[in-house]
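Copied over from TrEMBL, here are the features:
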BINDING   9, 85, 88, 113, 114, 164, 222, 247  S-adenosyl-L-methionine binding site
DOMAIN    1-237  domain 'Tetrapyrrole methylase'
Ligand SMILES: C[S@@+](CC[C@H](N)C(=O)[O-])C[C@H]1O[C@@H](n2cnc3c(N)ncnc32)[C@H](O)[C@@H]1O
(Lines of atoms letter the chains of each structure in order from A; the text may use other names.)
(Lines give C-alpha, C1' and ligand atoms only; values in the text may rest on other atoms or scores of the structure.)
Protein backbone atom coordinates (compact mmCIF):
# COMPACT_ATOMS: atom_id res chain seq x y z
CA UNK A 1 0.00 0.00 0.00
CA UNK A 2 1.17 3.54 -0.66
CA UNK A 3 -0.12 5.78 2.11
CA UNK A 4 -0.37 9.50 1.35
CA UNK A 5 -0.49 11.19 4.74
CA UNK A 6 -1.14 14.84 5.62
CA UNK A 7 0.99 16.09 8.55
CA UNK A 8 -0.99 19.21 9.44
CA UNK A 9 0.56 22.63 9.78
CA UNK A 10 3.26 22.85 12.42
CA UNK A 11 3.98 20.26 15.12
CA UNK A 12 5.05 16.59 14.87
CA UNK A 13 1.96 15.79 16.98
CA UNK A 14 -0.36 17.37 14.40
CA UNK A 15 -0.40 14.08 12.46
CA UNK A 16 -3.66 12.17 13.02
CA UNK A 17 -3.72 8.98 15.08
CA UNK A 18 -4.57 6.98 11.93
CA UNK A 19 -1.71 8.71 10.08
CA UNK A 20 0.80 7.91 12.83
CA UNK A 21 -0.24 4.24 12.96
CA UNK A 22 0.23 4.00 9.20
CA UNK A 23 3.71 5.61 9.30
CA UNK A 24 4.81 3.24 12.04
CA UNK A 25 4.00 0.15 10.01
CA UNK A 26 5.68 1.38 6.81
CA UNK A 27 8.92 -0.05 5.44
CA UNK A 28 9.91 3.24 3.75
CA UNK A 29 8.94 6.79 4.69
CA UNK A 30 9.28 9.77 2.29
CA UNK A 31 8.71 13.40 3.29
CA UNK A 32 7.72 15.78 0.50
CA UNK A 33 10.08 18.66 0.91
CA UNK A 34 9.35 21.39 -1.62
CA UNK A 35 5.78 22.73 -1.36
CA UNK A 36 5.77 23.44 2.40
CA UNK A 37 7.71 23.05 5.66
CA UNK A 38 6.68 21.78 9.07
CA UNK A 39 7.48 24.93 11.05
CA UNK A 40 7.77 23.54 14.59
CA UNK A 41 9.83 20.48 13.82
CA UNK A 42 13.12 19.38 12.30
CA UNK A 43 13.45 16.17 10.32
CA UNK A 44 15.41 14.59 13.19
CA UNK A 45 12.55 15.33 15.62
CA UNK A 46 10.10 13.76 13.19
CA UNK A 47 12.27 10.66 12.85
CA UNK A 48 12.44 10.32 16.60
CA UNK A 49 8.69 10.85 17.00
CA UNK A 50 7.85 8.20 14.37
CA UNK A 51 10.70 5.87 15.28
CA UNK A 52 11.48 5.68 11.54
CA UNK A 53 14.15 6.90 9.14
CA UNK A 54 12.85 9.50 6.69
CA UNK A 55 13.97 10.10 3.10
CA UNK A 56 13.46 13.65 1.82
CA UNK A 57 11.59 13.71 -1.48
CA UNK A 58 12.49 16.79 -3.52
CA UNK A 59 10.61 18.10 -6.56
CA UNK A 60 12.79 16.12 -8.93
CA UNK A 61 12.11 12.82 -7.18
CA UNK A 62 8.35 13.39 -7.07
CA UNK A 63 7.71 15.00 -10.43
CA UNK A 64 10.06 13.00 -12.63
CA UNK A 65 8.57 9.59 -12.24
CA UNK A 66 8.23 8.84 -8.52
CA UNK A 67 9.73 5.42 -9.38
CA UNK A 68 11.70 5.17 -6.15
CA UNK A 69 8.66 6.03 -4.02
CA UNK A 70 6.36 3.54 -5.77
CA UNK A 71 8.91 0.72 -5.95
CA UNK A 72 7.30 -2.55 -4.73
CA UNK A 73 4.55 -0.56 -2.93
CA UNK A 74 2.18 -3.27 -4.20
CA UNK A 75 3.94 -5.70 -1.83
CA UNK A 76 5.13 -3.62 1.15
CA UNK A 77 3.80 -0.54 2.94
CA UNK A 78 5.36 2.77 1.93
CA UNK A 79 4.28 6.25 2.97
CA UNK A 80 4.56 9.68 1.44
CA UNK A 81 4.18 12.50 3.96
CA UNK A 82 2.94 15.95 2.95
CA UNK A 83 2.92 19.01 5.22
CA UNK A 84 -0.65 20.31 5.48
CA UNK A 85 -3.05 18.16 3.50
CA UNK A 86 -2.06 15.80 0.69
CA UNK A 87 -4.26 17.65 -1.78
CA UNK A 88 -3.43 21.17 -0.53
CA UNK A 89 -0.80 21.33 -3.29
CA UNK A 90 -1.64 20.69 -6.92
CA UNK A 91 1.18 18.23 -7.58
CA UNK A 92 0.20 15.11 -5.69
CA UNK A 93 -2.79 13.99 -7.75
CA UNK A 94 -0.19 12.88 -10.31
CA UNK A 95 1.34 10.40 -7.85
CA UNK A 96 -2.11 8.90 -7.19
CA UNK A 97 -2.76 8.55 -10.94
CA UNK A 98 0.57 6.80 -11.49
CA UNK A 99 -0.20 4.34 -8.67
CA UNK A 100 -3.59 3.58 -10.20
CA UNK A 101 -1.96 2.91 -13.58
CA UNK A 102 0.43 0.45 -11.93
CA UNK A 103 -2.25 -1.20 -9.75
CA UNK A 104 -0.60 0.00 -6.54
CA UNK A 105 -3.22 0.40 -3.81
CA UNK A 106 -3.36 3.92 -2.33
CA UNK A 107 -4.82 5.17 0.94
CA UNK A 108 -5.06 8.89 1.70
CA UNK A 109 -5.09 10.10 5.31
CA UNK A 110 -6.10 13.76 5.41
CA UNK A 111 -5.14 16.63 7.69
CA UNK A 112 -5.60 20.40 8.05
CA UNK A 113 -4.34 22.52 5.15
CA UNK A 114 -3.50 26.20 4.90
CA UNK A 115 -6.45 26.25 2.51
CA UNK A 116 -8.94 25.67 5.31
CA UNK A 117 -6.98 26.87 8.36
CA UNK A 118 -6.80 30.32 6.70
CA UNK A 119 -10.33 30.75 8.06
CA UNK A 120 -8.59 31.56 11.39
CA UNK A 121 -8.16 35.14 10.16
CA UNK A 122 -11.92 35.64 10.44
CA UNK A 123 -12.81 35.63 6.75
CA UNK A 124 -15.41 32.98 5.87
CA UNK A 125 -14.04 30.12 3.77
CA UNK A 126 -17.38 30.07 1.91
CA UNK A 127 -16.57 33.52 0.53
CA UNK A 128 -13.25 32.61 -1.10
CA UNK A 129 -12.79 32.38 -4.86
CA UNK A 130 -9.89 30.96 -6.87
CA UNK A 131 -6.60 30.53 -4.99
CA UNK A 132 -3.51 31.95 -6.68
CA UNK A 133 0.24 31.37 -6.33
CA UNK A 134 2.65 34.29 -6.33
CA UNK A 135 6.07 33.26 -7.64
CA UNK A 136 9.35 35.12 -7.13
CA UNK A 137 9.87 37.53 -10.03
CA UNK A 138 13.25 37.42 -11.76
CA UNK A 139 14.84 40.00 -14.08
CA UNK A 140 13.43 38.21 -17.11
CA UNK A 141 10.36 36.41 -15.75
CA UNK A 142 7.51 38.36 -14.16
CA UNK A 143 4.42 36.19 -14.70
CA UNK A 144 1.03 37.83 -14.08
CA UNK A 145 -1.61 35.28 -15.13
CA UNK A 146 -2.86 35.35 -11.53
CA UNK A 147 -4.03 38.93 -12.07
CA UNK A 148 -7.04 37.79 -14.14
CA UNK A 149 -8.07 35.38 -11.40
CA UNK A 150 -8.03 38.16 -8.79
CA UNK A 151 -10.15 40.25 -11.18
CA UNK A 152 -12.67 37.41 -11.59
CA UNK A 153 -12.87 36.81 -7.84
CA UNK A 154 -13.27 40.50 -7.07
CA UNK A 155 -15.97 41.00 -9.72
CA UNK A 156 -18.17 38.47 -7.95
CA UNK A 157 -17.24 39.68 -4.49
CA UNK A 158 -14.98 36.83 -3.34
CA UNK A 159 -11.77 36.87 -1.31
CA UNK A 160 -8.53 35.66 -2.93
CA UNK A 161 -6.11 33.37 -1.09
CA UNK A 162 -2.56 34.11 -2.27
CA UNK A 163 -0.02 31.34 -1.59
CA UNK A 164 3.57 32.54 -1.66
CA UNK A 165 6.50 31.00 -3.46
CA UNK A 166 9.01 28.68 -1.78
CA UNK A 167 12.35 27.92 -3.39
CA UNK A 168 14.05 24.87 -1.96
CA UNK A 169 17.02 23.08 -3.53
CA UNK A 170 17.25 25.53 -6.45
CA UNK A 171 20.42 25.91 -8.50
CA UNK A 172 21.72 29.29 -9.64
CA UNK A 173 21.69 29.72 -13.44
CA UNK A 174 25.49 29.63 -13.42
CA UNK A 175 25.70 26.38 -11.44
CA UNK A 176 22.99 24.84 -13.62
CA UNK A 177 24.83 25.84 -16.80
CA UNK A 178 28.04 24.31 -15.48
CA UNK A 179 26.27 21.17 -14.30
CA UNK A 180 27.32 21.78 -10.69
CA UNK A 181 24.98 20.25 -8.11
CA UNK A 182 25.32 23.22 -5.76
CA UNK A 183 22.06 24.48 -4.30
CA UNK A 184 21.07 27.95 -3.13
CA UNK A 185 19.82 28.39 0.47
CA UNK A 186 16.02 27.99 0.73
CA UNK A 187 13.95 31.15 0.10
CA UNK A 188 10.44 31.91 1.28
CA UNK A 189 8.50 34.90 -0.06
CA UNK A 190 7.57 37.54 2.51
CA UNK A 191 4.28 39.45 2.68
CA UNK A 192 6.09 42.68 1.72
CA UNK A 193 7.58 41.14 -1.42
CA UNK A 194 4.23 39.67 -2.45
CA UNK A 195 2.55 43.07 -2.02
CA UNK A 196 5.31 44.83 -3.99
CA UNK A 197 4.77 42.40 -6.86
CA UNK A 198 1.00 42.96 -6.68
CA UNK A 199 1.57 46.74 -6.87
CA UNK A 200 4.00 46.41 -9.78
CA UNK A 201 1.57 44.40 -11.91
CA UNK A 202 -1.37 46.74 -11.17
CA UNK A 203 0.86 49.65 -12.15
CA UNK A 204 1.64 47.92 -15.46
CA UNK A 205 -1.85 46.64 -16.31
CA UNK A 206 -3.94 49.44 -14.77
CA UNK A 207 -7.14 47.39 -15.04
CA UNK A 208 -7.97 47.96 -11.38
CA UNK A 209 -8.41 44.35 -10.29
CA UNK A 210 -7.32 46.00 -7.02
CA UNK A 211 -5.65 49.26 -5.98
CA UNK A 212 -2.85 50.12 -3.51
CA UNK A 213 -5.69 50.81 -1.03
CA UNK A 214 -7.33 47.41 -1.34
CA UNK A 215 -7.58 45.79 2.12
CA UNK A 216 -5.82 42.49 2.80
CA UNK A 217 -5.00 40.17 5.67
CA UNK A 218 -1.48 38.77 6.11
CA UNK A 219 -1.37 35.34 7.75
CA UNK A 220 1.98 34.17 9.10
CA UNK A 221 3.09 30.84 10.59
CA UNK A 222 -0.49 29.60 10.83
CA UNK A 223 -1.02 26.82 13.35
CA UNK A 224 2.37 27.33 15.02
CA UNK A 225 3.21 28.94 18.37
CA UNK A 226 4.28 32.07 16.43
CA UNK A 227 1.08 32.48 14.42
CA UNK A 228 0.37 36.12 13.49
CA UNK A 229 -2.22 38.13 11.55
CA UNK A 230 -1.96 41.66 10.22
CA UNK A 231 -4.61 43.54 8.25
CA UNK A 232 -3.87 46.59 6.13
CA UNK A 233 -3.95 47.87 2.57
CA UNK A 234 -1.66 46.37 -0.07
CA UNK A 235 0.43 49.54 0.14
CA UNK A 236 0.73 49.30 3.94
CA UNK A 237 1.56 45.59 3.85
CA UNK A 238 4.27 46.21 1.24
CA UNK A 239 6.21 47.72 4.18
CA UNK A 240 5.22 45.11 6.78
CA UNK A 241 7.94 42.95 8.34
CA UNK A 242 6.20 39.58 8.44
CA UNK A 243 9.12 37.74 10.11
CA UNK A 244 9.91 34.06 9.71
CA UNK A 245 8.08 31.96 7.08
CA UNK A 246 5.50 30.68 6.16
CA UNK A 247 3.15 33.41 4.94
CA UNK A 248 -0.13 33.69 3.07
CA UNK A 249 -2.06 36.78 2.00
CA UNK A 250 -5.80 37.21 1.58
CA UNK A 251 -7.09 39.99 -0.69
CA UNK A 252 -10.55 40.98 0.51
CA UNK A 253 -13.56 40.61 -1.78
CA UNK A 254 -16.09 43.38 -2.14
CA UNK A 255 -18.80 41.63 -0.13
CA UNK A 256 -16.95 41.47 3.17
CA UNK A 257 -19.54 40.70 5.81
CA UNK A 258 -19.88 42.84 8.93
CA UNK A 259 -18.84 39.94 11.17
CA UNK A 260 -15.79 39.26 9.02
CA UNK A 261 -14.83 42.92 9.31
CA UNK A 262 -15.32 42.94 13.10
CA UNK A 263 -12.95 39.98 13.36
CA UNK A 264 -10.17 41.34 11.15
CA UNK A 265 -10.29 44.78 12.80
CA UNK A 266 -8.47 43.07 15.69
CA UNK A 267 -5.43 42.87 13.40
CA UNK A 268 -5.42 46.50 12.26
CA UNK A 269 -3.32 49.44 13.50
CA UNK A 270 -5.66 52.28 12.45
CA UNK A 271 -9.19 50.86 12.65
CA UNK A 272 -11.07 53.96 11.41
CA UNK A 273 -8.87 54.32 8.35
CA UNK A 274 -9.10 50.59 7.57
CA UNK A 275 -12.93 50.69 7.74
CA UNK A 276 -12.87 53.64 5.33
CA UNK A 277 -10.63 51.71 2.93
CA UNK A 278 -12.96 48.69 3.05
CA UNK A 279 -15.99 50.84 2.24
CA UNK A 280 -14.23 52.63 -0.63
CA UNK A 281 -12.86 49.38 -2.01
CA UNK A 282 -16.28 47.74 -1.90
CA UNK A 283 -17.85 50.56 -3.92
CA UNK A 284 -15.47 49.90 -6.79
CA UNK A 285 -16.92 46.66 -8.14
CA UNK A 286 -20.50 47.28 -7.06
CA UNK A 287 -22.76 46.38 -9.99
CA UNK A 288 -24.91 49.20 -11.38
CA UNK A 289 -28.29 49.29 -9.62
CA UNK A 290 -31.00 47.31 -11.43
CA UNK A 291 -33.39 49.52 -13.38
CA UNK A 292 -36.67 48.04 -14.67
CA UNK A 293 -37.19 48.12 -18.45
CA UNK A 294 -39.42 50.96 -19.68
CA UNK A 295 -42.42 48.90 -20.83
CA UNK A 296 -42.59 47.25 -17.38
CA UNK A 297 -42.63 50.68 -15.79
CA UNK A 298 -45.63 51.80 -17.83
CA UNK A 299 -47.66 48.59 -17.07
C1 LIG B 1 1.52 24.61 -1.88
S2 LIG B 1 0.91 25.44 -0.53
C3 LIG B 1 0.13 24.30 0.52
C4 LIG B 1 0.86 23.19 1.09
C5 LIG B 1 0.24 22.20 2.03
N6 LIG B 1 0.16 20.93 1.37
C7 LIG B 1 -1.10 22.51 2.69
O8 LIG B 1 -2.06 21.78 2.43
O9 LIG B 1 -1.18 23.44 3.52
C10 LIG B 1 2.29 26.10 0.25
C11 LIG B 1 2.12 27.56 0.56
O12 LIG B 1 1.03 27.74 1.42
C13 LIG B 1 1.31 28.74 2.37
N14 LIG B 1 1.33 28.10 3.70
C15 LIG B 1 1.42 26.78 3.96
N16 LIG B 1 1.38 26.57 5.28
C17 LIG B 1 1.28 27.79 5.86
C18 LIG B 1 1.20 28.23 7.22
N19 LIG B 1 1.20 27.36 8.22
N20 LIG B 1 1.11 29.57 7.46
C21 LIG B 1 1.08 30.47 6.45
N22 LIG B 1 1.14 30.08 5.15
C23 LIG B 1 1.24 28.78 4.86
C24 LIG B 1 2.64 29.36 2.01
O25 LIG B 1 2.41 30.47 1.19
C26 LIG B 1 3.29 28.20 1.27
O27 LIG B 1 4.24 28.67 0.38
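Placement of Cβ uses the backbone N, Cα and C atoms for every residue, glycine included.
Taking the features listed in TrEMBL, we show where each one sits on the structure.
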residue : record                               : Cβ contacts under 8 Å, 6 or more apart
9       : S-adenosyl-L-methionine binding site : 38, 39, 83, 84, 112, 113, 114, 117, 222, 223, 224
85      : S-adenosyl-L-methionine binding site : 6, 110, 111, 112, 113, 115, 116
88      : S-adenosyl-L-methionine binding site : 6, 36, 82, 113, 114, 115
164     : S-adenosyl-L-methionine binding site : 133, 134, 188, 189, 190, 191, 194, 246, 247, 248, 249
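Mean pLDDT across the domain 'Tetrapyrrole methylase' (1-237) comes to 93 in this model.
When the record's S-adenosyl-L-methionine-binding residues 9, 85, 88, 113, 114, 164, 222, 247 are compared pairwise by CA position, the greatest distance found is 17 Å. Classification of residue 114 (S-adenosyl-L-methionine binding site) by DSSP places it within a helix.
Around the Cβ of residue 113 (S-adenosyl-L-methionine binding site), 20 further Cβ atoms fall within 10 Å across all displayed protein chains. Note on residue 114 (S-adenosyl-L-methionine binding site): other Cβ atoms within 10 Å of its Cβ, all shown chains, come to 22.
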